[in-house]
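K.L.:
Take this structure, written in structure tokens, and hold onto it; I'll ask about it next.
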Amino acid sequence: MKKVSVVAAVIYNDKNEILITQRVDGQFNGLWEFPGGKIESNETHKEALIREIKEELNIDINIGDFITTVNYNYPTFELEMYVYKCFIFNGLINLNVHSSYKWISKTELNFIKWVPADIEIIDKLMNNW
């Protein structure tokens with residue numbers, strides 16, 4: 001099965017709220033996710049995360065602690081996702097690939113309809129973060 005390596009950002013604001021984005025394409029249309037994307041062959045995880053967040057949201061981030069690695073098997077590929085805690089340091093959010101975004105509190109995490117691979121991140125955030 002094809003393996004796809006991606007990075008994802010759990011972006012916090014100064015109210016300790018978490019940024020989530022809504023998918024607009026494919027089988028996950030309308031579901032929510034943590035923003036991020038594919039790691040290019042010449043990139044580190046952090047370089048990929050900075051690039052992807054700039055492309056998707058038009059913001060610059062500082063990358064903090066590593067949160068977890070998620071391995072999830074979709075029907076047509078295996079996803080390997082590296083997840084980091086992040087903070088915005090420059091820019092205003094401008095959606096380029098998502099239909100919507102919102103800031104949510106930790107207590108709201110379990111009430112969102114997530115893409116399947118991101119559910120493991122929720123469990124980690126609820127238990128350790």
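Just so you know, glycine gets a Cβ as well, placed from its N, Cα and C.
The 8-oxo-dGTP binding site annotation in TrEMBL covers ARG23, GLU33, PHE34, PRO35, GLY36. Residues annotated as Mg(2+) binding site in TrEMBL: GLY36, GLU56.
Relative to the rest of the structure, where do these features sit?
P.N.:
According to DSSP, GLU33 (8-oxo-dGTP binding site) is assigned to a strand segment. Counting every protein chain shown, the number of other Cβ atoms lying within 10 Å of the Cβ of GLU33 (8-oxo-dGTP binding site) is 19.
Note: GLY36 (8-oxo-dGTP binding site) has non-local neighbours VAL6, VAL7, ALA8, ALA9, LEU49, GLU52, ILE53, GLU56, MET81, i.e. same-chain residues 6+ apart with C-beta under 8 A of its own C-beta.
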K.L.:
At its widest, how many Å does the recorded 8-oxo-dGTP site span between Cα atoms of ARG23, GLU33, PHE34, PRO35, GLY36?
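P.N.:
Between the outermost Cα atoms of ARG23, GLU33, PHE34, PRO35, GLY36, the distance is 12 Å.
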K.L.:
List every residue in the same chain as ARG23 (8-oxo-dGTP binding site), at least 6 positions away in sequence, whose Cβ is under 8 Å from its Cβ.
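P.N.:
ASN29, GLY30, LEU31, TRP32, GLU33, HIS98, SER99, VAL115 - these are the non-local Cβ neighbours of ARG23 (8-oxo-dGTP binding site), listed in sequence order.
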K.L.:
Are there residues of the same chain, six or more positions away from PRO35 (8-oxo-dGTP binding site), whose CB falls under 8 angstroms from its CB, and which are they?
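P.N.:
Result: ALA8, ALA9, ILE11, LEU19, THR21, GLU52, ILE53, GLU56, LEU57, HIS98.
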K.L.:
List the other residues in this chain whose Cβ sits within 8 Å of the Cβ centroid of the 8-oxo-dGTP site residues ARG23, GLU33, PHE34, PRO35, GLY36, in sequence order.
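P.N.:
For the 8-oxo-dGTP site the neighbour list reads ALA8, ALA9, ILE20, THR21, TRP32, GLU56, HIS98, VAL115, ASP118.
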